[in-house]
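Database features, via TrEMBL:
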- 5-71: domain 'HMA' (DOMAIN)
- 81-147: domain 'HMA' (DOMAIN)
- 170-190: transmembrane segment (TRANSMEM)
- 222-244: transmembrane segment (TRANSMEM)
- 265-287: transmembrane segment (TRANSMEM)
- 457-481: transmembrane segment (TRANSMEM)
- 493-516: transmembrane segment (TRANSMEM)
Amino acid sequence: TKTVSKCYVQVTGMTCASCVANIERNLRREEGIHSILVALMAGKAEVRYNPAVIHPSAIAELIRELGFGATVMENCGEEDGILELVVKGMTCASCVLKIESTLMKTNGVLYCSVALATNKAHIKYDPEIIGPRDIIQVIKDLGFTTSLVKKDRSASHLDHKQEIRQWKRAFFVSLIFCIPVMGLMIYMGVMDRQLSDAHAHHNMSDEEMEALHSSMVLEYQLLPGLSVMNFLSFLLCVPVQIFGGWHFYIQAYKALKHRTANMDVLIVLATSVAFIYSFVILLVAMAEKAKVNPVTFFDTPPMLFSFISLGRWLEHVAKGKTSEALARLISLQATEATIVTLGPGNVVLSEEQVDVELVQRDDIVKVIPGGKFPVDGRVIEGHSMVDESLITGEAMPVTKKPGSTVIAGSINQNGSLLISATHVGADTTLSQIVKLVEEAQTSKAPIQQFADKLSGYFVPCIVAVSVVTLFAWFIIGFVDFEIVEKYFQVSEVIIRFAFQTSITVLCIACPCSLGLA
């Protein structure tokens, strides 16, 4: 008897099914090669060969001669099959022992663990020797009923609808209050400009200037120290702080609980400090019955929350688009397959409907007109047209006859076909595409990893700079008051000015390009 070994070769440069056919056709002719199976999406060839006649390195060389890149994959034996089952009918520990000991004696089963409490069995097996249906049969023969653990095929974990809704709501809440605040700011800016122009041209005294300033509608004091402008800004800011910033506060709390500082922490810090500082300053001004209205930062939180909520909303919409494509791909997979037993002359002896996860390699699968192909395979009997547009983009149906390859997820049109399964489970083209898209989504680009690393240092640095600014202006203010006086009216106390500068640092760093990206 000739010994048969198996090796795996990584093949690069394949672009379509004709490349696969080219490699398979040429290598089958070579002496010492029993069979070859090439998976296009995985870029992998599985070769059975006679080690006395040919070596894996020679096989790779043969593929290279055909114009493809080829390297022998070391330690890449067939991956163990894993089977998760629900086993009903177990009553005690001896039932568990009976199942485990029987399965472990079965040829091809590598590991078996049965849990009585959850009625679950976890089995590892060698797909070369035994298949999932054989294992289920062994358990059934012992007198237990068994079924596959149902996998969630709905791709619900890829759904971003809830996040999109959440950020959309946060953005519009912030925006509704942000627009009036911006309007007030612009109005105040324009009026201040006109006043300063009037002051310059008419040489008014500071007292006259102040009288004119306070005669403006928004500067009118409802209570001593509380102007219309500040009161309106406060009313517009409170709902945003609570409803618009709710998610940011939750995320920031979670980050701080785990002793990390993310962008949410910075956003919450900037908006909270601006809000609390403005609120306290108002209370102080009212207590002092101040004639001049204090400068507040109530415009900061609504505007910051609006920008950042918009960014998050757009980000989740983009994520949702990619995930939608992936969810559609997953939904293409057939859930069941009809396995047939053939007699002499390809006569169908029996048919059995099984879950697609239970299809084993070399099973004969029947696909009726209008049915989806559950696995990749080769046609052994029948003629039909197949719609492969979902996978290849080819709009016209493709003719299939004995010897043609078929792709899982494509739709059979007019004739009944019998196919021999070549790639099953996670090895099918469709599963490989899904896997590649998922990997592309979860893996980060090097620049993204670098940005994440930077933003880890960014938040503490900004907070530190802000604190340094605060104390620097404290010191400057007490040592040389004239500098503060130059920029501000004398009525503004040093502490207020120091706070304003440090809050400005926080607020400007918040919607920075790094943070938003």
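From the backbone N, Cα and C atoms, a Cβ is placed for every residue, glycine too.
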For the transmembrane segment (170-190), give me same-chain residues lying six or more residues beyond its boundaries with a C-beta closer than 8 angstroms to one of its C-beta atoms, as numbers and ranges.
218, 229, 232-233, 236-237, 239-240, 243-244, 246-247, 298-299, 302-303, 305-306, 309-310, 312-313
What does DSSP give as the helix, strand and coil breakdown of the domain 'HMA' (5-71)?
22 helix, 24 strand, 21 coil
Over the span of the domain 'HMA' (81-147), count residues by DSSP class, listing helix, strand and coil in order.
23 helix, 24 strand, 20 coil
For the domain 'HMA' (81-147), mean pLDDT (0 to 100):
89
